[in-house]
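> After the structure tokens below, expect a handful of questions from me.
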């Protein structure tokens with residue numbers, strides 16, 4: 001019964017015009033591996049890189065503007081950089097640092113290295129989109145910067161967050177897979193845990 005509900009929910013998200021969810025079997029397989037909490041940090045980084053390689057091709061296949069930047073969200077967005085810099089080797093890379101305050105779940109920006117002049121298109125990298133708070137903060141920052149087209153790429157996202165951003169003009173989402181639920185701490189269920197800690201072997 002729960003499987004049917006989850007599939008139905010994902011189909012609803014897939015119908016949103018600005019959201020693309022990968023159907024590639026390798027992406028699905030690698031996300032299933034990523035859910036294994038016993039993986040070592042080096043294995044987590046390898047799996048995220050492999051998924052990112054497929055998402056990089058998917059998210060850039062319709063790029064038209066020569067004015068493009070890559071914006072990884074520190075710290076976990078850096079894990080997707082290698083794959084995207086191979087597909088877009090000569091575009092500038094700008095960094096935005098945001099962390100989610102644990103008690104309020106609100107995003108707090110602590111680093112912003114955007115230049116004065118914006119690019120027409122920005123590809124944002126953040127492997128997990130849970131509540132959507134961080135995504136909203138980064139999108140708002142880039143829009144205020146003057147960026148007209150935003151492509152937000154995540155390995156895993158919640159249905160709640162994607163529904164929040166449905167049909168926003170100038171913003172597209174390319175997602176590896178969707179989880180339906182969030183727990184009380186704002187983590188995806190079943191999710192992949194704290195992806196930043198898992199990537200770098202840190203503890204909360």
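Placed from the backbone N, Cα and C atoms, the Cβ positions cover glycine too.
Heads up, here are the entries from Swiss-Prot:
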BINDING   75, 100, 126, 127, 128, 129, 130, 131, 132, 133, 134, 194  5-phospho-alpha-D-ribose 1-diphosphate binding site
BINDING   187  D-ribose 5-phosphate binding site
BINDING   188, 193, 194, 195  uracil binding site
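Show me how these features fit into the structure around them.
DSSP assigns residue 134 (5-phospho-alpha-D-ribose 1-diphosphate binding site) to a helical segment in the three-state reduction.
Sequence-distant neighbours of residue 187 (D-ribose 5-phosphate binding site) (same chain, six or more apart, CB under 8 Å from its CB) are 130, 193, 194, listed in sequence order. Reduced to three states, the DSSP call for residue 187 (D-ribose 5-phosphate binding site) is coil.
Around residue 195 (uracil binding site), taking its Cβ as the centre, 23 other Cβ atoms fall within 10 Å, counting all chains.
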> Based on DSSP, name the secondary structure state of residue 126 (5-phospho-alpha-D-ribose 1-diphosphate binding site): helix, strand or coil.
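Coil, per DSSP.
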> To the nearest whole angstrom, state the Cα distance for the pair residue 128 (5-phospho-alpha-D-ribose 1-diphosphate binding site) and residue 195 (uracil binding site).
7
> List every residue in the same chain as residue 188 (uracil binding site), at least 6 positions away in sequence, whose Cβ is under 8 Å from its Cβ.
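Expected: 128, 130, 156, 157, 158, 179, 181, 182.
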> Near residue 132 (5-phospho-alpha-D-ribose 1-diphosphate binding site), which residues of its chain come within a Cβ-Cβ distance under 8 Å, counting only those 6 or more away in sequence?
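Set apart from residue 132 (5-phospho-alpha-D-ribose 1-diphosphate binding site) by at least 6 residues yet with Cβ under 8 Å, we have 158, 160, 161, 162, 164, 165.
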